[in-house]
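Enquirer: As annotated by TrEMBL, Fe cation binding site applies to His403, His408, Glu448. Feature annotation from TrEMBL assigns compositional bias 'Basic and acidic residues' to 107-117. The annotation compositional bias 'Acidic residues' is assigned in TrEMBL to 118-128. The domain 'Biopterin-dependent aromatic amino acid hydroxylase family profile' feature in TrEMBL is assigned to 224-570. The feature region 'Disordered' is assigned by TrEMBL to 106-128.
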Amino acid sequence: MMAVAAAQKNREMFAIKKSYSIENGYPSRRRSLVDDARFETIVVKQTKQTVLDEARAKANDSTLECSILQAQEQHQQEDKIPQEVQQTVEDQDNDEEEIRMVAVDELPQKPQEHVPSADDEEKEKDAGLTEEEVVLQNAASESPEAEKEVVRAAVVVRLRDGMGSLGRILKAVEAYHGTVVHLESRQSRSEGVQFDVLVKVDMARSNLLQLIRSLRQTQSFGSVSLLSENNVNVKAPWFPKHASELDNCNHLMTKYEPDLDMNHPGFADQVYRARRKEIAEIAFAYRYGDPIPHIDYTETENKTWAAVFGRVKELMVKHACSEYIAVFKKLEDEKIFVKERLPQLQEMSDFLRKNTGFTLRPAAGLLTARDFLASLAFRIFQSTQYVRHINSPYHTPEPDCIHELLGHMPLLADPSFAQFSQEIGLASLGASDEEIEKLSTVYWFTVEFGLCKEKDEVKAYGAGLLSAYGELLHAISDKPEHRPFEPASTAVQPYQDQEYQPIYYVAESFEDAKEKFRRWVSTMSRPFEVRFNPHTERVEVLDSVDKLETLVSQLNTEVLHLTNAIAKLKQPFC
């Protein structure tokens, strides 16, 4: 189990595992979710390439050192052999030359030295360690037990010379003490290659690495690729499968903060800056399963909340969607929304859980786009607990708890909107960097700055509008352009966050927005589907017949309950 955990740990080094900030190149005074995603794309590629280069250099050094030691041992052994015995061995070798040549021809061979060609350059490039091999090598290096542990892996070999080369693969697997558990082939679409062969093998990690390097030295193979280890689906990059793994998804975008930017309202306020650090440390220490820490808000912080709360309550009656107004009233009835004090995240989380199953998790600041969207897949909203500066109560350049509480929480208690938010989160799991950017844009124009129709009137449902009265009045006026919400066009719409938006997207309804979003997500490049299992609170990748059969069985049970309910409703009253 330790070896498996080590392999998973090494695999996860290629996930989003960095905290990106000004010191490594991100521009300040920006809070765009899409810019976050684009910056992640650049930094992750750079980090990943550095890790791979270091691992490849290490592997090359190890191979060279091993070759030198083997050569030295061979010379030492030859020096110890008596002359007459040495001659006998040479005579025996000459007698068996034909047999040896046939055997060698059937096994992968190191190519002879010749003039480099374009094909050789391609081969040399292919000989470098791939990401999967780096993971495998790191897992094998954890301990002697991990090195010898038998794992299952899939290897794709491209055959230049047709199926006649298949025997060499099987002999090589046997030579490295492996077992073939699955074999299939198909005609290749690559130029100069006749067939692609998929071989699944059970083999010790160290032998598997040697097998791949050996196969790559055979001229009749176009390329050799390791796909997966320990049955990890190569098509599914690492992403959190359970809410507990969100402990690894709380990386911040340090962009506009009182310690770093002199334009921040709290830059010159030493007391405010110390308070922000204090609350941030509380969030950093939080782990899955912990109760949400209680924050004793100061008189100044409660005063800031009261000012914004009163303005939002005044404007929402006319400009907010009906779903927002309905939940706002429920929050007031339960004494969670009161003007005199800021709500605690724990009491708000309990309220959401009762209504839609959403819960809250404290965050220290603005999260990376991928981390934030991933949490929505588990019906978890990562919320800050610090408060904006008193000198700027009606606007914040970064998310704070007033924005989260007044803007996001009421609609997360609405079943339809909660479902839409979770579907955005599920779509982000395993998505490409480009698709994360598009999903972030859709989130920006819906959850943050979305408008919807209500009896031929345009109403606000975006959190950025409902918690910032200036932009709310701008959005529902005739000044900006209103476009119908279509995910495909919304996802590529450029926007800025320094001034009011020139363009807003208007949904016919939450249900209409969900349906359009689902159709758009189905066109994404992710080669697998995921679902959230509410019983286990896990995200499941639907990549096997067994998982699909289990899901179909569950759906059949639900359909049976629905059918029985309809039949009973149709029965006449006695």
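Cβ atoms are placed via backbone N, Cα and C, with glycine included.
Just so you know, TrEMBL annotations are computer predictions that nobody has curated.
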Enquirer: Using Cβ atoms only, which residues of the same chain lie under 8 Å from His403 (Fe cation binding site) while being at least 6 residues apart in sequence?
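Expert: Correct list: Arg388, Thr396, Ala463, Gly464, Ser467, Ala468.
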Enquirer: So which one is it: of the binding-site residues His408, Glu448, which has the fewest other Cβ atoms within 10 Å?
Expert: Glu448
Enquirer: In the same chain, outside His403, His408, Glu448, whose C-beta lies within 8 angstroms of the Cβ mean position for the Fe cation site?
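Expert: Other same-chain residues with Cβ inside the cutoff are Pro399, Glu404, Gly407, Val447, Gly462, Ala463, Gly464, Leu466, Ser467.
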